[in-house]
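Here is what TrEMBL records for this protein:
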- Glu49: active site, proton acceptor (ACT_SITE)
- Asp60: active site, proton acceptor (ACT_SITE)
Amino acid sequence: MNLIDAAFEQLRNKGETALIPFLTIGDPDLATSVEIIQALEEAGADMIELGVPYSDPLADGPVIQRASERALKNKVSIVDCIQVAESARQAGVKLPFILFTYYNPVLQFGLKPFFAHIVEKGISGLIIPDLPIEEDAEVRQLAESADIHLIPLVAPTSNDRVTRIASNARGFVYCVSSLGVTGVRTDFHQGIEDFLSTVRKATNTPIAVGFGISSREHVERFAGQCDGVIVGSAIVRKIEEVLPLLLSESTKPEGLAQIRTFVSGLKG
Ligand SMILES: O=P(O)(O)OC[C@@H](O)[C@@H](O)c1c[nH]c2ccccc12
């Protein structure tokens with residue numbers, strides 16, 4: 001069974017909502033990313049989006065753009081990010097890993113070798129934000145035969161595409177809470193609740209909401225309507241805040257502890 005499906009089944013049995021952090025891999029470096037992933041698991045994360053840094057992150061707000069720039073200074077590649085998943089597994093992390101990448105690095109890798117590689121390295125899910133359903137047939141077919149869940153995104157503006165996208169989704173449906181780019185928000189798209197119930201009606205696959213979630217209140221607001229919440233910028237911003245601590249071995253434990261404290265506050 002795919003680890004994502006197993007995680008949602010366990011959470012459903014416990015009546016809990018999945019907490020799904022996103023982090024940019026290689027920010028500040030690959031080894032620290034492994035330690036941050038361990039801290040996220042200790043803090044109660046249920047699965048993790050491993051963000052591949054990209055030079056042209058169209059859908060990203062300033063926080064994640066800065067994180068990508070820091071990682072790209074170390075020339076972090078998609079191969080490095082996949083290797084971080086294996087290293088985290090070897091370090092004892094049990095969480096399902098979702099590789100989050102724009103399409104270009106996958107194309108550069110080559111579709112078939114890419115899927116063979118991520119299966120071998122223990123990736124369970126894949127999110128490619130700039131690959132629309134209209135163009136994803138080949139990727140979807142390769143993902144399904146590799147039992148990797150290609151997780152689609154739906155937005156409040158998706159309208160009649162919601163049913164088409166959600167009805168054959170695997171893993172979970174990523175419901176984008178607001179229009180625009182990623183980043184912490186104080187409010188969400190008007191009618192977000194109606195949007196989420198539309199997606200819920202369109203599929204039996206779990207649904208998770210992301211964009212702008214940064215507090216326990218936000219998590220509680222969506223917990224009743226969704227099976228999971230995704231938190232990226234708020235966590236990446238915390239990593240940015242504690243970077244000076246993470247960059248020195250003597251203060252790194254304190255930096256990791258502050259990340260753990262912030263994320264466990266979200267899980268509640
Ligand atoms: O950062 P936020 O507002 O918490 O949203 C999650 C988001 O970071 C993560 O899922 C993500 C990072 N880059 C993206 C690009 C498109 C869609 C989603 C994403």
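Cβ coordinates come from backbone N, Cα and C, glycine included.
Following the DSSP three-state reduction, the secondary structure of Glu49 (active site, proton acceptor) is strand.
Recorded residues Asp60 (active site, proton acceptor) and Glu49 (active site, proton acceptor) have their alpha carbons 14 Å apart, per Cα-Cα distance. Close to Glu49 (active site, proton acceptor) in the fold, though at least 6 residues off in sequence, lie Ile20, Pro21, Phe22, Leu23, Ile98, Phe100, Ile127, Ile230, Gly232, each with a CB less than 8 Å from its CB.
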